Amino acid sequence: MFARAPQWLFGLVIIQLIGLALFCRGFFPYKVYLPGFATEEGLPPWPDSNQPGLPPIIEPEFDRLVLIVIDALRNDFILGDDSGFDFVRAQIERGSALPFTAKATAPTVTMPRIKAMTTGTVPSFLDAVLNIAEADTSSSLEYQDNWVYQFKAYNKTLHFFGDDTWIRLLPDIFTKHDGTTSFYVSDTVEVDKNVTRHIYPVFEEQDWDAVILHYLGLDHVGHLGGPDSPLMRPKQIEMDHAIESIYTIVAKQDAQRLETEPTSKGTLLVVCGDHGMNDLGNHGGSSEGETSPALVFLSPRFETRPILKKPRHKLFSVDDREKAFGFPVVDQTDLVPTLAALFSVPIPKNSLGKIIPDLFLRLSSDARNVLRAFQLNAHQMSILLRKTGSLNASNMPASIENQFEVDGSDNSLLGHAESLHAAYARSPSDEMAAKTAAGYLKFLSLAQAELGKKASDYGLTDMMVGLTLLVLCAVAILWYLFQCTFSRHWHTSKILVCISVGTYAASMFASSFIEEERLIWFFYSQTLFALLLAKCFCRHDALQGSYSPYFGSILQLVLLRITFSWNQGDGLYSTLVNWMPGIEWHMLALALLTHVMLAAYKVRTLGRGNPAHTQVGSNAGAIQWLCRGGLVSLLGFQAVLVLLYKLREAFPADAPGPIYSYYLDLLAGMDIVAGLDQVELARLIYNYAGATLFALGALRFVNLRAEGLDIVGDDSYIHEQQEEESNPRQIHQQQQCAPATNLYVELLLYILTPLMILFSRTHNAALFIVYAIQWHYLRAMPPWTMAFVITCLSQTAFFTTGHSNSIATVDLSNAYIGVTGYNTLLIGALTYFSNWAGSIWWAVAGWTWSAKSVAAWREYIVTQSAIYGVFLATLSISVTMLREHLFVWTVFSPKYLYQMSWTLLYHWCTQTLVGALIIIFLSDI
């Protein structure tokens, strides 16, 4: 059985990859945009166009712009009570600044949000994936209308400094620019200094019309320590000082310009975040914190006419708008038409934003300018509605005034507002101006809501072809698996596996189950071990060694509960830290020591029971012991370096703290690390990890050669490891693998664990002790049952280490260990390792059970392939059927990205490809 599994699986993998590529091309298409760029030629005339001297758009309110984007600037960082932005808050309290919350939509990552702030569109969800590709240019805005291009088209000089995503999105726009890498999150200092150092030389020259600065440090602080990090407030103060410095410079320049050029308009400063962050410091999802960045307008012009002293236009009421921290909430895309109107450039064609009227009420003394701005915004939105198919122009009623109350279509609203505007032009009055403004704003609000629903158009043909291939692939693997494991009498555990896979697949059709998937895997894992415990009561002779299976099953249930509660809210970890501060460092040391001791014990037992390992001569025996001692020594020193790295990362060198000092005393005398920084220390860890793996290969090589010299041949060791197998045919198949291959894989598991701890958050190190205990008490079971058990435990490990199906829980804090620059493939791989460390541990643990024979390995992998094939195919059916669901972009799409990672990266690359190579290497070396 499974004789042709490699060839069969390879063909199905190719089919699955083709199907997945086609499905993604249809499900994650780039949004279809109106081609070209807006010009003055397409603008509607003024209602009173017969009056001479009217500008084509409106009279600009400012002639210089400074846009300061502070990555992950959540609204409470400025508007909250614990803000470090003292200067900005002082301006707000004096009435010299206008604050807002700029509501963002998922995905709340940098590239899509920059697109929203420049084009006014709702970006494709695929931009969340491309966001990590530093060299990607496929999503450039070079051919999409945006206000930055419009500024350039109107002969304005633009400079940029900061996140180089802007430079990739907007090539050949900026006269001066200096980009910084956005994904090197371990840097919270230099990444902002590289922006701030340009402030004085650039702003003093006055050779600019617009300067864009994008600071990344605050976002990096959030990723490393969350919004409550000790570094957060100092970083806010640093940003506040930078804003104050810029404000001081431009205020002085504006005063001088006004003296020499009375027609100068002044400078507008816009401080905003591209997105916010959640309570863990991450972002990408749709929680309140992630979608609530701050937006503040400042200008020296406001100093002369503060809000409390300057009369307002009574065009409309602003008191009925949604508010946060007592200030209005607007849409992030509203920034686009607002800047276009304030600087008198055409509104980008595809903008979904509506003008923020507060600034015009502050600045313009003529209601005509405000109404003209509304008119242009409404005209642009109506064209977008018609050309995207949201409205049919033939539905416009013949008499707007008569049908306005009974016909609530958007066309009726726009026509009514235009009629009122024309009436105001003929006979200006405050009452008519207020009615006109209300009409435009109502149309703009409804149009924005309607266009926001059309986030993207699906490529249904590609989706259906891809879906067909994915389903056929899953069915083929299932058919092959059942053909090879067919039996008239199904085992109870096999029935349970089929039911579990089926119910999980069904859960993919409910958004709530996807959001709470961790509960599903916890339930499956608990149920499996509860049934094993029940089975023990039915077989009283099932005692193994000195331990009872009753105890093992009960212990598994207890350990599962510990892992489940470890990171859940104020769970077990928080309780332990409150009870004993600093305990996470002792648990880290214990986790590292545990796996070093397990490796030492396994190395010692490798030669037990097989005289060939020790009795082939003194030279061979010496080489064997040298390899064993070298392996354990290298692994021990690697563990010490991991502990030192984690301590250095958490405690500054100038204030190490008692925990650091305690362990530092234990590690005294290590001159090898004295002059190394964190990057160099991490690379030293990688070097020792590589040396340890080399020592493992050398030990395997020496032992196999020693076995070759054992003329008598002693199979007692093999039979000792195979005592659970009684079928002579199975024993013959097991001997197709080199003796004790599974023991070397087990040793590999202990060797890799310090690296997995390095890539994990410090407090999760204790979970690897739990994993080791769970693995030790796993009972022997058929490969297909073990495949599902490993699936359950790997999925549980992923969720219990603090992850979920939201992009916001992607942890970047450990994705730059040992890295100085940005490399897409390298950072992508490290991101995968750091987020799937616990799951990878269980993947390697699964190899130890399946590496005992070729047949067991093939059955194990085919079963895993069937499970993940069914999961991917079912989820593809779900997102196809629910593509118009309210949560398709906030729940189903992120889940699909995660499922792609589980299938491609975890199953095919890690479990199957890497696992097969390692087992072949250890068998045939």
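The backbone N, Cα and C atoms fix where each Cβ goes, and this holds for glycine too.
As given in TrEMBL:
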type	residues	note
TRANSMEM	7-28	transmembrane segment
DOMAIN	455-920	domain 'GPI ethanolamine phosphate transferase 2 C-terminal'
TRANSMEM	463-482	transmembrane segment
TRANSMEM	494-514	transmembrane segment
TRANSMEM	520-538	transmembrane segment
TRANSMEM	550-566	transmembrane segment
TRANSMEM	586-604	transmembrane segment
TRANSMEM	748-772	transmembrane segment
TRANSMEM	784-804	transmembrane segment
TRANSMEM	824-849	transmembrane segment
TRANSMEM	861-882	transmembrane segment
TRANSMEM	902-922	transmembrane segment
Query raised in the report: Considering pairs 6 or more residues apart, do the transmembrane segment (520-538) and the transmembrane segment (784-804) have at least three CB pairs under 8 Å?
Result: yes
Query - Leading stretch by Cβ pairs under 8 Å, where the reference is the transmembrane segment (586-604) and the options are 463-482, 748-772, 861-882 - result: 748-772
Report task. Go through the chain and flag residues at least 6 beyond the ends of the transmembrane segment (824-849) whose CB is under 8 A from any CB in it; none is fine as an answer. Result -> 132-136, 183, 742-743, 745-746, 748-749, 752-753, 756-757, 759-760, 764, 767-768, 771, 775, 778, 780, 783, 786-787, 790, 793-795, 797-798, 800-801, 803, 810-817, 856, 860, 901, 905-906, 910-911, 915, 918-919
Query raised in the report: Given the transmembrane segment (861-882), which of the listed stretches 7-28, 463-482, 784-804, 902-922 has the most Cβ pairs that are under 8 Å apart from it?
Result: 463-482
